[in-house]
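Trainee: Checked TrEMBL, it gives:
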- 35-46: compositional bias 'Polar residues' (COMPBIAS)
- 47-58: compositional bias 'Low complexity' (COMPBIAS)
- 35-60: region 'Disordered' (REGION)
- 119-184: region 'VHIID' (REGION)
- 150-154: motif 'VHIID' (MOTIF)
Amino acid sequence: MRFEFSRGSSQRGDRFFPCHQQSNDQVAAIDMQSNSSTTTNKNQPQTSHTSTSRSSDSGEACGGGNKWASKLLNCDQKLASYFLQALFCKATDSGQRCFKTLATVAEKSHSFDSARKLILKFQEVSPWTTFGHVASNGAILEALDGESKLHIIDISNTFCTQWPTLLEALATRNDETPRLKLTVVVTAGIVKSVMKEIGQRMEKFARLMGVPFEFNVISGLNHIGELTKEGLGVREDEAVAINCVGALRRVEVDERSSVIQLLRSLSPRVVTIVEEEPTKM
């Protein structure tokens, strides 16, 4: 089993986008809560405001923790406000509840078009992800060269934007075009509603390229540690590659050993990992 690491440094500037994007509905909800909170507490001293915020519930931690959100115009200010909200959730131990609230709101308003625009915009302002895709695809093609049945297990949050270029590369190989099975592991509820359309588009593109293709989605997981070998459906005659993009950093410390053992049990030809700071995992 070979591991390939691709390391990038995220860019920061006037157009910086945080890794965890929020939908328009989420931002609007935050702004409404912020405005309401500001009106209620405008006559209170700053010390009283701080004390009130610390005793707030998870909803206020998500929306009312930063009372300047609606007035922010500069991206650096927005980034600072998101960090402030994150620190508040960390201090009050309300991060998990806050995330579930935001994910529920986003799930209702998310669509394929919004997801595509979000990820393409992020790749535009932070090209290191595209570099990671290219490096990972190159390592996978090299490791699986000459195999007739390929199985790629994709554990990432990139909406399958990595795979059209790999399908093109497989279609232009000199030898017989291999059969490709792509298994996408979805752990974030925010993307469940768009995976069906992504799968249909991937299958259509594969037919256009003349590549025999099978697309599977594993969803409903709260975390990667819930994955099982049986659920991945790996066959003995398949050459396996595991692709992890921005996923392993979310694995809890007490789950890392079991996740690594699971990956090893699949006997992959190559494991590609794309993280901002792989040495800190």
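Glycine is no exception: its Cβ is also placed from the backbone N, Cα and C atoms.
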Trainee: Averaged over the whole of the motif 'VHIID' (150-154), what is the pLDDT?
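Mentor: Averaged over the motif 'VHIID' (150-154), per-residue pLDDT gives 97.
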Trainee: At a C-beta cut-off of under 8 Å, are there same-chain residues at least 6 beyond the motif 'VHIID' (150-154) that contact it? List them, or none.
Mentor: 140, 144, 160, 162-163, 170, 178-185, 232, 234-235, 238-243, 245, 266, 268
Trainee: Reported in the order helix, strand, coil, what are the DSSP residue counts of the motif 'VHIID' (150-154)?
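Mentor: Result for the motif 'VHIID' (150-154), in helix, strand, coil order: 0 helix, 5 strand, 0 coil.
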